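K.L.:
Structure provided below as structure tokens; questions to follow.
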Amino acid sequence: MAALAPAGPRDAASAALDELSLNFTYGAPGVGNGSLSGAWYRRNQIHLFGVLLAILGNLVISISLNIQKYSHLQLAQQEHPRPYFKSVLWWSGVLLMAVGETGNFAAYGFAPITLIAPLGCVSVTGSAIISVTFLKDNLRASDLLGMTLAFAGTYLLVNFAPNITQAISARTVQYYFVGWQFLIYVILEILIFCILLYFYKRKGMKHMVILLTLVALLASLTVISVKAVSGMITFSMTDKMQLTYPIFYIMFIIMIASCVFQVKFLNQATKLYNTTRVVPVNHIFFTISAIIAGIIFYQEFLGAAFLTVFIYLFGCFLSFLGVFLVTRNREKEHLQQSYIDFGNIPDTTLGRKAWRETNVGQNTTRFK
């Protein structure tokens, strides 16, 4: 009996490694790898479902932002405008936003973080298209160029994201959670976060880069926990129940806490700086942090070819540039108040200025 005692941990580790090896499937090099061929579709059907959920979720979010904007415009035209939170139309937009975020959340259960996170650019470009089409906002040459670049970047991202299929079970998450890569990553992230928080709180340094870096550091934990929670729920529905494992609730708490503090720092950034500056920088920082999190925690680029990685990064660059072009030079069309305000309710004077507002700068943190 004593001789068998140490075999337990080794057997558990071996079983976890065997499960991980079964979870990963890579497309073999050859015809159709990284292209829109029949072989590519057959290997990536589950990923495409996740991409579809993320794109539809982001488009619904775009619609919700424009509905909220339209409700502001309607209230501004009234002689005695009511507070926006009493508008049925505004709450319809909030409900649609919740539906869109649910789609983003579910997408992480079917596709890698490195594929879903950069698709947040769809929300920004979609908002611009809807705003121009239905709310008669001005269409600028930079908007057209930005949308084209964002769509081109999205195409490259979808085609050249890591070709990896991974079933997220509780044992898989536990194995990654105690891995040395993630432990080193978390220690470094905590150190950087504490240093930035010291300069922000003690030294009064409220530069936009500091605030958005704090948001990005929290976002990396958000996407890790969101994928873990979403993946375990998906695994429970398709295979074996995973919600009885403590790791599920640990990840759920991390997800909620990181989201709450992201909102806090992001709201602070939007109060101090114009959102037309905050949105593109936040999108870039969030996407980079999410990609790094996916690489380190879920090892999503393991075994990827150099050319595939290069084209994927080029697609990210195009989407970043597209978001920047769509959101640039919109200061005169922007209100210094977000549609969903977690602070004070704007007064009547601010409400009368709602005609200046544009929704392009209102894209908050994505589970993307």
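For all residues, glycine too, the Cβ spot is worked out from N, Cα and C.
These came from TrEMBL, pasted as-is:
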TRANSMEM  46-67  transmembrane segment
TRANSMEM  88-110  transmembrane segment
TRANSMEM  116-135  transmembrane segment
TRANSMEM  144-162  transmembrane segment
TRANSMEM  182-200  transmembrane segment
TRANSMEM  209-235  transmembrane segment
TRANSMEM  247-266  transmembrane segment
TRANSMEM  278-298  transmembrane segment
TRANSMEM  304-326  transmembrane segment
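Could you place the listed features in the three-dimensional structure?
P.N.:
Long-range contacts of the transmembrane segment (46-67) within its own chain (CB-CB distance under 8 A, at least 6 residues past either end) are made by residues 89-90, 92-97, 99-104, 106-112, 115-116, 119-120, 122-123, 126-127, 129-131, 134-135, 158, 161, 165, 339, 359, 362-363, 366, 368.
Nonlocal intrachain contacts for the transmembrane segment (116-135), taken as residues 6+ away from its ends with a CB within less than 8 angstroms of a stretch CB, comprise 50-51, 54-55, 58-59, 61-63, 65-66, 69-70, 73, 100, 104, 107-108, 143, 146-147, 150-151, 153-154, 157, 223, 279, 283, 286-287, 290-291, 294, 315-316, 319-320, 322-323, 326-327, 358-360, 362-363, 366-368.
Same-chain residues lying 6+ beyond the ends of the transmembrane segment (144-162) with a Cβ under 8 Å from its Cβ atoms: 34-36, 40, 47-48, 51, 111-112, 114-115, 118-119, 121-122, 124-125, 128-129, 300-302, 304, 308, 311-312, 314-326.
Packing against the transmembrane segment (182-200) from elsewhere in the chain are residues 176, 206, 210-211, 213-214, 217-218, 220-221, 293, 296-297: each is 6 or more residues past its ends and has a CB under 8 Å from a CB in it.
Long-range contacts of the transmembrane segment (209-235) within its own chain (CB-CB distance under 8 A, at least 6 residues past either end) are made by residues 105-110, 113, 117, 166-170, 173, 189, 192-193, 196-197, 199-200, 242-243, 245, 247-248, 251-252, 254-255, 258-259, 261-262, 265-266, 268-269, 272, 278, 281-282, 285-286, 288-290, 292-294, 297-298, 365, 367-368.
Cβ atoms under 8 Å from those of the transmembrane segment (247-266) belong to residues 170, 173-174, 177, 211-212, 214-215, 218-219, 221-222, 224-226, 228-229, 232, 278, 282, 342, 364-365 of the same chain, restricted to positions at least 6 beyond its ends.
Among residues of the same chain six or more beyond the transmembrane segment (278-298), those with a C-beta under 8 A of the stretch's C-beta atoms are 112-114, 117-118, 120-121, 124, 166, 176, 181-182, 185, 208-209, 212-213, 215-217, 219-221, 223-224, 227, 266, 269-270, 316, 319-320, 323-324, 327-328, 360-363, 365-366, 368.
Within the chain carrying the transmembrane segment (304-326), a Cβ under 8 angstroms from the stretch's Cβ atoms is held by residues 29, 34, 114, 118, 121, 124-125, 128, 142-143, 145-157, 159-163, 279-280, 283-284, 287, 291, 360, all 6 or more beyond its ends.
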K.L.:
Which residues of the same chain, at least 6 past either end of the transmembrane segment (88-110), have a Cβ under 8 Å from a Cβ in it?
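P.N.:
For the transmembrane segment (88-110), the far contacts come to 46-47, 49-51, 53-54, 56-61, 63-68, 70-72, 74, 116, 123, 168, 223, 226-227, 230-231, 233-234, 339-340, 366-368.
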